[in-house]
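Annotated repeat 'WD' per TrEMBL: 232-266, 267-300, 314-348, 437-469, in sequence order.
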Amino acid sequence: MNTAMHFGAGWRSIAEMGYAMSRLEIEPESCEDEKSLDGVGNSQGPNELPRCLDHELAHLTNLKSRPHEHLIRDFPGRRALPVSTVKMLAGRECNYSRRGRFSSADCCHMLSRYVPVNGPSPLDQMNSRAYVSQFSADGSLFVAGFQGSHIRIYNVDKGWKCQKNILTKSLRWTITDTSLSPDQRYLVYASMSPIVHIVDIGSAAMDSLANITEIHEGLDFSADSGPYSFGIFSVKFSTDGREVVAGSSDDSIYVYDLVANKLSLRIPAHESDVNTVCFADESGHIIYSGSDDTYCKVWDRRCLSARNKPAGVLMGHLEGITFIDSRGDGRYFISNGKDQTIKLWDIRKMGSDICRRGFRNYEWDYRWMDYPPRARDSKHPFDLSVATYKGHSVLRTLIRCYFSPVHSTGQKYIYTGSHDSCVYIYDVVTGAQVAALKHHKSPVRDCSWHPEYPMIVSSSWDGDIVKWEFFGNGETEIPAMKKRIRRRHLY
């Protein structure tokens, strides 16, 4: 038997196995409730099929989460379907890729199907609002920050044991943001004050009371403008851990040099509060910022002029921007807006001019008012975004959104908290709502997807920190009423 005949026979056996097993597979609850959303690429009517994103990013996402081409071959005229796990395993045994193993895209194709929709399992509860919840880069630690002066760090690998209980210093209103250093030795926390505090979380003591049991060193961002001159909404470590970038209520971006222990850069960046900042990639040269002035701006520190002009401006949101998350490639990022949308951006489309035309013909404040119904279908005439995702609610607080992890999903999804107490998950390419996780009784300000496992932890103003997982770990069973058998398709 020659190689070609052997390979062909192997594929026939894989196809038969895929057919036999796929008809017995149970589809997750999230797929049953899936619905398409308006605004991906272009607006759609209520009865139209979802329009897939026609952009380079769609192809990059598919490359990261699409199995080997031999496994996605199907009968002519049949729509593309996910390849079953059984078929993937059989293909690996027959060495379809001729590498003897799964590629990273193969792994993401399988893992991305296991969306963490089951739960929740309670992890902790406090008597104050939860503002921050974030996994560390390797997923071994989890940080939760509360309005009542507490930051708790949990050891995920040791059964979510509280490893550090931090009582903060000089808190004004709430903990607005926290960030772990890349080596997971230090944590910085911000408040409505120009002083950002840094804590050594590697110390042996579990309780860290500011300047009583441990020193919480203050990093002064004020540049002699006074201790209560402004507040900081967003703070992030650089990838090398040598710098911290911050966005503030005095419309500025700050960069603090931790090695020199001094403020190294201040950019008068926007015309209103800078609610969110982040580094675009590992280099630390590019910074993204988002503001209540509705603009996202891109800053290249290598060529900042004396007038501190941005490298470019991205318009499209009709209201202020609450959060930005970078894809990590220095090219794409997403933003959450008070116009109740998430927008996807490609910085190669950025412009140099700002349209100062006012688009609001109504009075509205997101802190205590609902979004006007007549504004929901409004569109920015100079929208530079690649895609828009709708369905969640951005009210009362600076709600955050993120790309799903690279390792387990190939960044196939976008997920966000919401004022309506849910966590929403969207497909980046199709814009479909993959899941809405319902448990909380108050706004979900922050949520975090584990970098390797199908697990999301959400935090809410109700004080609850809860964990969502995919069934199959022996802890959770699918309710019998929600089981659904797939049709007899070969995939």
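Each Cβ is built from the backbone N, Cα and C atoms, and glycine gets one as well.
Taken residue by residue, the repeat 'WD' (314-348) breaks down under DSSP into 2 helix, 19 strand, 14 coil. Residues 176-183, 186, 188-194, 196, 198, 219-221, 223, 225, 272-279, 281-284, 287, 289-291, 299, 301, 323, 398 of the same chain sit 6 or more residues outside the repeat 'WD' (232-266) yet have a Cβ under 8 Å from a Cβ within it.
With a cut-off of 8 Å between Cβ atoms, the residues of this chain six or more beyond the repeat 'WD' (267-300) that come close are 233-234, 236, 238-240, 243, 245-249, 251-255, 308, 310-315, 317-326, 328-331, 333, 335, 337, 345, 347, 350, 354, 398. Per-residue pLDDT, averaged over the repeat 'WD' (437-469), rounds to 97. Among residues of the same chain six or more beyond the repeat 'WD' (437-469), those with a C-beta under 8 A of the stretch's C-beta atoms are 111, 114-135, 137-139, 142, 144, 146, 156, 395-400, 402, 404-409, 415-425, 475-476.
Secondary structure of the repeat 'WD' (437-469) per DSSP (helix as H, G, I; strand as E, B; remaining residues coil): 0 helix, 20 strand, 13 coil.
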